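First the structure, in the form of structure tokens, and then the observations on it.
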Amino acid sequence: MGAARGSPARPRRLPLLSVLLLPLLGGTQTAIVFIKQPSSQDALQGRRALLRCEVEAPGPVHVYWLLDGAPVQDTERRFAQGSSLSFAAVDRLQDSGTFQCVARDDVTGEEARSANASFNIKWIEAGPVVLKHPASEAEIQPQTQVTLRCHIDGHPRPTYQWFRDGTPLSDGQSNHTVSSKERNLTLRPAGPEHSGLYSCCAHSAFGQACSSQNFTLSIADESFARVVLAPQDVVVARYEEAMFHCQFSAQPPPSLQWLFEDETPITNRSRPPHLRRATVFANGSLLLTQVRPRNAGIYRCIGQGQRGPPIILEATLHLAEIEDMPLFEPRVFTAGSEERVTCLPPKGLPEPSVWWEHAGVRLPTHGRVYQKGHELVLANIAESDAGVYTCHAANLAGQRRQDVNITVATVPSWLKKPQDSQLEEGKPGYLDCLTQATPKPTVVWYRNQMLISEDSRFEVFKNGTLRINSVEVYDGTWYRCMSSTPAGSIEAQARVQVLEKLKFTPPPQPQQCMEFDKEATVPCSATGREKPTIKWERADGSSLPEWVTDNAGTLHFARVTRDDAGNYTCIASNGPQGQIRAHVQLTVAVFITFKVEPERTTVYQGHTALLQCEAQGDPKPLIQWKGKDRILDPTKLGPRMHIFQNGSLVIHDVAPEDSGRYTCIAGNSCNIKHTEAPLYVVDKPVPEESEGPGSPPPYKMIQTIGLSVGAAVAYIIAVLGLMFYCKKRCKAKRLQKQPEGEEPEMECLNGGPLQNGQPSAEIQEEVALTSLGSGPAATNKRHSTSDKMHFPRSSLQPITTLGKSEFGEVFLAKAQGLEEGVAETLVLVKSLQSKDEQQQLDFRRELEMFGKLNHANVVRLLGLCREAEPHYMVLEYVDLGDLKQFLRISKSKDEKLKSQPLSTKQKVALCTQVALGMEHLSNNRFVHKDLAARNCLVSAQRQVKVSALGLSKDVYNSEYYHFRQAWVPLRWMSPEAILEGDFSTKSDVWAFGVLMWEVFTHGEMPHGGQADDEVLADLQAGKARLPQPEGCPSKLYRLMQRCWALSPKDRPSFSEIASALGDSTVDSKP
């Protein structure tokens, strides 16, 4: 340790015990370090908050939280996310106190605690207006002091405003005083003119609240009019009479006047035209006869005493009405159960009375089948209870009725069970499952315990029979049918044996080529119910030459001669099925070789370029040229280009746009070969007018330029060739898994399309990303997106950190001037803090993807900040945050937190929007790779947008699995994606099925009861299936199962998914 400042440096002696203990203490010092500690912060009552905590330790640690020293238990409102503590809605009572993050090493027992943190919670809460002085209302007398208190409280302290009969009371008036500190209103002295309804409101930085219960102050004065009898609302049928009663008292007696809505006075001498049948009696009552619709409205009775304000009493005259009743859905009940059917009364005035009838007889209020309130109750249901029941509703306006058809279900019984069957390959096959029941039973089929969904191969008839449209060998397995009604189900199974047809596997190609004077083989294989015998013979019946052997179906030529050409027949035969033949025409050819190949050529602009190419072979090859990714058609070349008979290409008057790679393609009926070379068009140097004796000759200058250009081009070609080779190997591996004719899937998050089957644009993209290009063209390509989307970093105002992704921090910010006419825009910002080259490349690919997509259900790229480190990607954000949190909140039991519950129709709408966004993404040949509820955003209008937050480092760390040196979303990944790294649109479809499951379970963790290793083992075994969520329609669960088909070919496209969900939206009930 250094000496203290200002004192001479001298050795410091330590006691021997201290010297011995220092190494020990150093060795036992805790290895747990807090990278980020929680800090005290402001919070709003009922809003979200996050206490961040990040630790670093050599081994696994257990992180938990304390509140005032007691462990914090996870709830729907307050729960751990990674090592941080998340609050879905801050509560001032439950969250007041000191929080502390604790990290414990369960192996060593070491423990570290963070600094204390707490919330400064801002809130406001409504309360009543109460009488403070005098002690009770009975003690209030004229000319006494009256004090009222407003029981609205909050933090910070709010300001108060008092009202009498809805009119604000200003401070400083002589007849009352207001004390904001005490929240009091004092009336001194109080008189009859102070009578009225007193209320208060309070304002603070958190918001506004008004009194939950108001105070009515009534100070009597004999000269003031007082209510004796107030008019009541009246409902009458058309053309009937209506009577309103109204009386006041005062000394001296008060005056009384009636007004209709338009403020027209009603008297016996002067009646308005629309109230000619109105009569006012001496006691103040108003009679209306033969009421019509124009008489309906508000009637006011006004009493005025000698002193005091007038008293206005209102009553409304309604005409009786009744609406139609909603339709009943047919009901199916099971025998022996108890069921209820509710009849909701139609809207009407007065409220209609409701009763049930069956077979024209009104149901009693007790018994086995009876009416209770508005409900039809059927106890211990019998089959005889089936039939039509009628609900009646009636009031003064008339009567309505609606029927409900009740069916009593029975358990299905067998008419014909499925039988073990032998089905012929290639022909239709049928399995019967005939049952009867009430109502008509539903039949489903299972193949190897997997539900059979109808597609091009399977069809289930209305009677339950299963048709296999074209039986294949692998259809030989167990089949099970289940017939069910609400009363129960029955099932049976049968074994299918496929009678394999005699066939070639695969059929030999009808035309094949063999290279002259080389060894060659022509295979022929076949299968059948019995192993077939395979032999070859010449089509003319002649025997095979001695140098040609037939070995178990393989025709082997030791050395191909011209005489070996001709027609051959492969014959496969067995006893039960006879024989089949395949004819093959063999051609002997000399395979193509290039006598002259085109070379790299540099030509001055305006001169003539010659690219030589000559090929030989038998049959004689035809030569074509491809330039700049298009075939050069000799009939459309124009006057500048010409292809000679020997295959050479000449270009006259070359221009800069002629620069590029030219490919010479030689082909005949047996094979195709190609070779290519670059053409460079350069400007001719202008000679100086006077050259000194030391100036180099012109040919020397050209030689220097040629060498420089040649060296640069050679370097670029070498690097591009290496990249092309690596990518071609990767693509070839993926293409092997795809059916013939299907275009290979594009690289994940890469926008470059395939050109003529070659990934040329993709190579160019890689060049831009890895800075291989050094010229202006490469620089312009690399910065095209960033220049167009540049946004100044100084215009971003960070709000809060959402979490950490593989790239770096993800946070919310306000962007100033981002959109025209909008001062500030709420945006999501992803930062690139990683120095890993692969992650930098992924970051670039992600911004390219969002920059190119334009769809209402995909977030937009709004800007880029790349003028300094770290780089920022500015993305669109919507107000409710990610879909995962939205789903979890929707099922919360906390009344302060819970939003409106989601109906099935709304859940389907959420899934449909994600499917439409992914359809747009896949149509543009992008692959997401991390589709999940956590990576979708949702607005208050429940609009969903596909995004890529990727908070794998903290908030959603538990949803990622460390596999092969990377963090992957294991529980959302298809088998081929996790086991082979084969990501495609079909692996995104698998993840979409899991997202649908998340929506219908309100954000539960997929495979929540299993450890990550168990989920991985199930994926490897092909058994990873999620159960049907509670309340999820079977039709939608079948769609999920289609998304989880083991073969990517059997999974639907996003267009099919969007269409199926659109149909389900129509069918779904709230």
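Note: Cβ is positioned from N, Cα and C throughout, glycine not excepted.
What Swiss-Prot records for 578-680 is domain 'Ig-like C2-type 7'. Positions annotated as N-linked glycosylation site by Swiss-Prot: Asn116, Asn175, Asn184, Asn214, Asn268, Asn283, Asn405, Asn463, Asn567, Asn646. The feature phosphoserine is assigned by Swiss-Prot to Ser1064. Residues annotated as topological domain 'Extracellular' in Swiss-Prot: 31-704. As annotated by Swiss-Prot, topological domain 'Cytoplasmic' applies to 726-1070, with the evidence given as sequence analysis.
Projection of Swiss-Prot feature records onto the structure.
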residue : record                      : contacts (Cβ under 8 Å, 6+ apart)
Asn116  : N-linked glycosylation site : Ser40, Thr98, Phe99, Gln100
Asn175  : N-linked glycosylation site : Leu187, Arg188, His194
Asn184  : N-linked glycosylation site : Lys132, Thr147, Leu148, Arg149, Cys150, Val178
Asn214  : N-linked glycosylation site : Pro128, Val129, Leu197, Tyr198, Ser199
Asn268  : N-linked glycosylation site : Thr279, Val280
Asn283  : N-linked glycosylation site : His245, Gln247
Asn405  : N-linked glycosylation site : Phe328, Pro330, Arg331, Gly387, Val388
Asn567  : N-linked glycosylation site : Arg538, Ala539, Asp540, His583, Val584, Gln585, Leu586
Asn646  : N-linked glycosylation site : Glu614
Ser1064 : phosphoserine               : Val908, Pro1033, Lys1035, Leu1036, Leu1039
Mean per-residue pLDDT computed across the domain 'Ig-like C2-type 7' (578-680): 90
Where Asn184 (N-linked glycosylation site) falls in three-state DSSP terms: strand
Secondary structure content, the domain 'Ig-like C2-type 7' (578-680) (per DSSP, counts of residues): 6 helix, 63 strand, 34 coil
Collapsed DSSP category at the residue listed as 'phosphoserine': helix
Same chain, 6+ residues apart, C-beta under 8 Å of the C-beta of Asn463 (N-linked glycosylation site), given in sequence order: Leu434
